[in-house]
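Step one of this worksheet: look at the structure below.
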Amino acid sequence: MTDTIFAPASGFGRAAVAVIRISGPGAASCLTALTGHPPPLPRRLSLRQLRDPGTGEVLDRALVVWLPGPATFTGEDSAELHLHGGAAVRAAVLRVLGRLPGLAPAEPGAFTRRAFLNGRMDLTAVEGLADLIDAETEAQRRQAMRQLDGALGRLVEAWRDTLLGVLAGAEAALDFSDEGDVDESALSASGLAAAARVRDAILAALAEGRRGERLREGFVVVLAGPPNAGKSTLLNALARREAAIVSPIPGTTRDAIEVRCDLDGLPVLLVDTAGLRDEGADPIEAEGMARSRRRIEEADLVLWLVPPEGGAAAPKGALVVHTKRDLGRDPGGGVDGALAISALTGEGLAMLLDRVAAAAGAALGRGDAVVTRERQRRALEECAAHLGRAIAGAETMPAELVAEDLRLAVRALGAVAGRVGVEEMLDRLFSSFCIGK
C-alpha cells in the first residue's frame, strides 16, 4: 500500500459541505501542493485556499485537516478537505487530485480495508461498520455499534489467548515428553479445563440462535389468505402508502409485493401475496399462488386474513386476522387468539401491530446478540467441534491428534477475527462499502 488514495466521503448531491478524504504516504505533500503551505497543526480545522498546482487557479476556500498516522482511521497519514458543497467545486478538486503524482482514486471500501490491514480494526468490527451503514432501525443500529465497538472481537481474542496457552502447554508436553520437568498430568487437568471453559462460552454464544443474523435481514411477515380478503388494503395501511393495487376483482395481486418498515425499532419486511383458491385460476394467477405458498413456508410470521364470507383453514402457526370489520359483521375475533380489524377505518390495527412487534422482538432480540453473521457462526461452530474432540479424546486419542484439534480450534477463532483464511471473503465485503469509506 505505497500509493495514496482519495475519495469523496460525503454524498454527491448539492449540500452545504462536501468532504474529501486522503490517506497514504503522500497525504502531507498533497496538502502542500494544494495549499502552497506545509500541513497545518494536526487535528485542527484550518482555513486555506486550494489551488490547482499546475495553473495556480483558486479552486475553493476550504477547511483542511491534517491527521498524521498511525493514530488515524486507516493507520496512515491522512487528510480531509471540507469544501463548499457544490457539484462543480467537488468535481474540480477531485480532478486536480487525480493529476497529482502518486495519488489514485479509492475503490469502494478502500479506506476500511487499509484500517483492517494496518490492524486498526478486526474483521468483526469491519462487519459492524458495514452493518451500521446499512442499519435502518434502532435495533439494527444498536447491534452494529456493539460489533463496531468490539463486542465479539474482544470475546474471540480472549478465547484465542486462552487456547494459545493450552496449545503451548500441549506442544511442550509433546516436544519434551522425555524430560522430567514437564508435568503432563497438570497440563491435562488445567489445560483441558480451560479448553472446556472456552468451548462452553462459545456454545453459550451460539445458543442465542440466529437472532443477530435475522436482525440484520429483518423479520418477514407474509400476508396470506383467499382472494379479496383485504391483504393489499392491509399492506397499504401498515405501510402508510399505496404500495399495492387494491381492487374488488379477485386475483389482482399476481406476484409478491414487499415493503420494509420500522416497527418499534425492529426491521420488518411485509409481504403481500397472491390470494389462494382451489379453482378458477388462470396460469399466471396459478404461478402467483405457487409463489405465495413458498413465501408462506419461508415466513417468520404468517397473517392469515379471513374475509367476512370465510375461507380456507389457516396454516399451522399463522395468526388469524378477520378483516373488513367495518362491514358490521361479528367475525368472532379473539377466539383462539384471532384478531378482527378494519384496514379502512383502522379498527384493530394497533392490536395487530402489537402482536407482530411482540413476535418480532422474541425472534430478533434488541441488538444484544454476539453472533451476527453466518460466517462468524460457522467458524465458532468449527472451533467448538474441534474443542469437543480434543476434550473427549484427551485420555484415548494420541497426544498429537489432541494438539492438532487445539491448533484447528485456534485457527477457527483466527478466522472470526480475520487473521486467517478470509482473503476471498474480504473482496466481497469491502466492495459492499461506498466509495470514501
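Residue positions begin at 1 at the first shown residue.
Using the three backbone atoms N, Cα and C, a Cβ is placed for every residue, glycine included.
Residues or ranges marked as (6S)-5-formyl-5,6,7,8-tetrahydrofolate binding site by Swiss-Prot on the basis of sequence analysis: Arg21, Glu80, Arg120, Lys437. All protein chains included, Glu80 ((6S)-5-formyl-5,6,7,8-tetrahydrofolate binding site) registers 20 other Cβ atoms within 10 Å of its own Cβ.
Its Cβ placed at the centre, Asn228 (K(+) binding site) has 23 other Cβ atoms within 10 Å. Per Swiss-Prot, the feature K(+) binding site maps to Asn228, Ser247, Ile249, Thr252; the stated evidence is sequence analysis.
The GTP binding site annotation in Swiss-Prot covers 228-233, 247-253, 272-275 and rests on sequence analysis. When secondary structure is read from DSSP and collapsed to three states, Lys231 (GTP binding site) falls in the helix class.
Sequence annotations record features per position, and here Swiss-Prot assigns Mg(2+) binding site to Ser232, Thr253.
Feature annotation from Swiss-Prot assigns domain 'TrmE-type G' to 218-361.
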(message) Just to be sure I understand the packing, how many Cβ atoms besides its own are within 10 Å of the Cβ of Arg21 ((6S)-5-formyl-5,6,7,8-tetrahydrofolate binding site)?
(response) 25
(message) Going by DSSP, is Arg21 ((6S)-5-formyl-5,6,7,8-tetrahydrofolate binding site) sitting in a helix, a strand, or coil?
(response) strand
(message) Please identify, among the binding-site residues Arg21, Glu80, Lys437, the one with the smallest Cα-Cα distance to Lys231 (GTP binding site).
(response) Lys437
(message) Which secondary structure state does DSSP assign to Glu80 ((6S)-5-formyl-5,6,7,8-tetrahydrofolate binding site), in the simple three-class scheme?
(response) strand
(request) In whole Å, note down how far the CA of Asn228 (K(+) binding site) lies from the CA of Glu80 ((6S)-5-formyl-5,6,7,8-tetrahydrofolate binding site). (result) 57
(message) These are the binding-site residues: Lys231, Lys437. Which one scores highest on other Cβ atoms within 10 Å?
(response) Lys231
